[in-house]
Amino acid sequence: MELLYALTLGVLTMSGVYLLLRARTFPVVVGLTLISYAVNLFLFAMGRLHTGKPAVLGQVAEHADPLPQALVLTAIVIGFAMTAFALVLALRAQGELENDHVDGRGKR
Amino acid sequence: MDHLVILPILLPMFAGALLLLSGRASEGFKRSLCLLATLLQLPLAIALMAQASGGLQVYAAGNWMPPFGIVLVVDHLAALLLLVTAVLAIAAVVYAVRGDDLLGANFHALFQFQLMGINGAFLTGDLFNLFVFFEILLIASYALLLHGTGSARIRSGLHYVLLNLFGSALFLIAIGTLYGVTGTLNLADLSQRVAQLPAPDAPLVGAAAMLLLVVFGLKAAVFPLYFWLPKAYAAATPPVAALFAIMTKVGIYSILRIYTQVFGDTAGPLADLANGWLWPAALLTLVLGTIGALAASTLNGLISYLLVVSVGTLLAGLALDSHDALVGSLYYLIHSTWVCGALFLFAGIISRCRGPRFVGRLVPGPALSRPTLLSGLFFLAAISVIGLPPLSGFVGKLLLLRAAETGVAAGWLYSLLLGSGLVSIIAFSRAGSTLFWRTDPAAAAGGPVDNVRLAAVLALLLCSPLLVVFAGPLLDYLTITVDQLLDPQEYARQVLSMQISTSGGGH
């Protein structure tokens, strides 16, 4: 499971960075989304990977660390809002600059 | 428990929420509410400063005890920075209510949320909470930066938003790694865990710490991560740019907090981790900022690059890592925040006087009304920000240079800091003579000067001679601040020894 998990993170991050470097607003936003997925999964894994362990005290003998899950929830909410904002901004930039390059110039 | 500690966060939060709800209310109501909420920050900050001198104030949110709950900690440094923010924010908001707030929607609400984020970042004693407050101040700053119109603002705003989104991702990776290895995010607890770190874990924690440095460097606009700043700040409206003068300092503050208290002298195998990197980065920031200032073609661009120079100067003080150097850095931090803020506001006044055709471009323009007053103010601000006697920039630089003592480091610092001062004099005299003397007779006469806006600038500029007059008591305060900062064990002891104060309140 660890290997699969690590590979997933790696592929997500790699794709995200590649898309970021495309320097076109839409791919950049998608790239940032992929990176934030990878980061959220990474945060989650920092509580160690378990199966069948609830993050609730008192119900079972062994429980998973609830803190990373809380951190991930916060990060997801913030990341979601940020993606929405970046999208709106990208649309406005496209409208005002008539170009989808992040510098607002270059070939269309 | 004393709830005063959390008020600098709650006050702008509720004021901001109320301002959002009263979206249709009259401008007068919104302006007065925003002004009132910002003015209240000042007595709050002073009260916290007085409390801080009686020892560390720790506030456990929701009465969850550290290291498990989130704590807010007021020490001398946090209280001081709250005060610096409050003074700057009051001047910015007084300037803004004269019309700049109408350029876009919800200026006042965003302004309050921005203050909430900044205050929270200074107060928090928890790394993840620091991330959350960073995000709050960033979200507000994204919207504030785009306040108004213009394609330059959109373009630089897009860069700013995308870079900071990536920065946030790095921040989370660093936080995740630190939590995964040490099992805590409370700064006090973290400093103890890092000090007793087993050797195999050290590289992993070191990597996370360096990632944090990248994130804070991006916020503080340190070489090679400062390229977004000049364009973004030069395009922002004057009150927003003035408030943003404290934003780079939030980055500097975080570097100071994390790399003296957690990865400082006591950090075992990771002691003084960042110092080797901070020094060259600081000097390069200083040099490149100076070159940028020399090449700037607008007044706002010039001031933005001077902000970069001030970041380089501050960071050089941090990298020297001695008691005296930190005192000098903190003094310089207060000075540069207020004076750069005043300069941004002043550039706004000049741009309005010169009309939309010339704004702040450094080309011969119309003759200004009340030239003696404006040029006199410009002269004073320039002297202060460059660091010539008798104003506060001089004292700040003197403290830093004296702290460098002798040796190779001193050689670099003396030559670069003084050289940068000289080049800044050239840049400023060129800008000043173009703005005030080389008038274009064909251009229409300049507009009137607004007295309230001028008063805001004057009030901030007046802080510079005040910083010199009260340098003695201030330096005493800063000495205690740095003593406290350089004693992470005492900090950790006081934070972690907190007990549940009300019976039955714990879990």
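Think of each number as a place in line: the chain as shown, counted from 1.
Glycine is treated like the rest: Cβ placed from N, Cα and C.
Annotation comment: TrEMBL describes B:125-415 as domain 'NADH:quinone oxidoreductase/Mrp antiporter transmembrane'. The annotation transmembrane segment is assigned in TrEMBL to B:6-21, B:33-50, B:70-95, B:102-122, B:128-146, B:158-182, B:202-229, B:236-256, B:276-295, B:302-320, B:332-351, B:411-431 (among others).
Listed as Cβ neighbours of the transmembrane segment (B:6-21) (distance under 8 Å, sequence separation of 6 or more from its ends, same chain) are residues 30, 33-34, 36-37, 40-41, 44-45, 48, 59, 61, 72, 82, 106, 108-113, 115-116, 119-120, 123. Among residues of the same chain six or more beyond the transmembrane segment (B:302-320), those with a C-beta under 8 A of the stretch's C-beta atoms are 220-223, 226, 229-231, 233-234, 241, 245, 248-249, 252, 255-256, 259, 275, 278-279, 281-290, 292-293, 296, 326, 328-329, 332-333, 336, 340, 343-344, 347, 362, 385, 396-397, 400, 403-404, 409, 413, 417, 420, 424, 427-428, 431. When Cβ-Cβ distances below 8 Å are used as the criterion, the transmembrane segment (B:276-295) is approached by residues 210, 213, 217, 221-224, 226, 230, 255, 259, 301-302, 305-309, 311-316, 318-319, 409, 412-413, 416-417, 419-420, 423-424, 426-427 of the same chain, each at least six residues removed from its ends. Ranked by Cβ pairs under 8 Å to the transmembrane segment (B:70-95), the stretches B:33-50, B:158-182, B:332-351 are led by B:33-50. Contact between the transmembrane segment (B:128-146) and the transmembrane segment (B:332-351) is not supported, since fewer than 3 Cβ pairs fall under 8 Å when only residues 6 or more apart in sequence are counted. Within the chain, the transmembrane segment (B:332-351) has long-range Cβ neighbours (under 8 A, six or more residues past its boundaries) at 80, 84, 87-88, 91-92, 95, 100, 233, 237-239, 241-246, 249, 252, 299-300, 303, 306-307, 310, 313-314, 317, 358-360, 368, 374, 377-378, 381, 384-385, 392-393, 395-397, 399-400, 435, 449-450, 453-454, 456-457, 460-461, 463-464, 467, 474.
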